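First up is the structure itself, then whatever we jot down about it.
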Amino acid sequence: MAVGEGANLLAYAFTPAALVTPLGALSVLVAAVLSSKFLQEKLNFIGKMGCFLCIIGTIIFVIHSPKSEEIQTFTELLDKLSNDVFISYVATIFIISFIIKIVFVPRFGNTNISIYLFLCSAIGSLTVVFCKAVALAIKETITTEINSVQNKSFWLLLITSIVCIIIQMNYLNKSLDIFNTSVVTPVYYVMFTVLVIIASSILFREWEHMKSTDILGSFCGFLVVVTAVCMLNMFKDVQISFKDLNFNVRNRRTLV
């Protein structure tokens, strides 16, 4: 897990966050195929369709998503982080999270799945932004003569990223303790990805230079991936095959 998350962190240094985060659906696909249950039993029809849609949706999203990075240096990113619009977004996230923690968690935390997952996703959207800044600083230090690691802002962002990750994992684990994993995974994926795309679009403005066809293609690819994630998790225990969908065969069996 540490190696995988480290590779995921490095990806943010080379690729737009709006592209990296939705590709997390591939981890759901790999988990579905390699889980012990699926190794012992063959994937049912819905599971196979979910895998197929996950691959197709990912391909569509990669084709139409932002390709180039608007920010190339750590200094540029620091200027973006001090933008009034992004600061307003961060303040809004913290205020809403605080209200939910104080008001809604004691009342609905154990009955409504969206409470913990919203807190996890909201803080997670900030985690992605701060981790991207950390990864960019490391990349700049390695590939150029500028030592961004010595910058005080780097260490502040690194500590903030660690704190956000701890908070994010805490609420995710609470949600998994209370609710079924097959429901938590797709809901968390959708909420987390949407909030990351919003935060990324506010900070990096990756969508401003995209054509309308690419924006529509990215949206359609994301919907296909969401559908695939839901199929892989919510219907993995449903015993159904392609023959069960053939009504003619079913009718003949009934008549016999």
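One is the number of the first residue shown, and numbering goes on along the chain from there.
Glycine too: its Cβ is placed from the backbone N, Cα and C atoms.
If you check TrEMBL, you get these features:
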- 12-34: transmembrane segment (TRANSMEM)
- 46-65: transmembrane segment (TRANSMEM)
- 85-104: transmembrane segment (TRANSMEM)
- 116-138: transmembrane segment (TRANSMEM)
- 153-171: transmembrane segment (TRANSMEM)
- 183-203: transmembrane segment (TRANSMEM)
- 215-235: transmembrane segment (TRANSMEM)
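The highest tally of CB pairs under 8 A with the transmembrane segment (85-104), across 46-65, 116-138, 153-171, 183-203, 215-235, is held by 116-138.
Counted over residue pairs separated by six or more positions, the transmembrane segment (116-138) shares fewer than 3 Cβ pairs under 8 angstroms with the transmembrane segment (215-235), which leaves the two as not touching. Counting Cβ pairs under 8 Å to the transmembrane segment (215-235), the stretch among 46-65, 153-171, 183-203 with the most such contacts is 46-65.
Listed as Cβ neighbours of the transmembrane segment (183-203) (distance under 8 Å, sequence separation of 6 or more from its ends, same chain) are residues 16-18, 21-22, 24-25, 28, 80-81, 83, 85-86, 89, 113-114, 117-118, 120-122, 124-126, 128-129, 172, 175-176, 222, 226, 229-230, 233-234.
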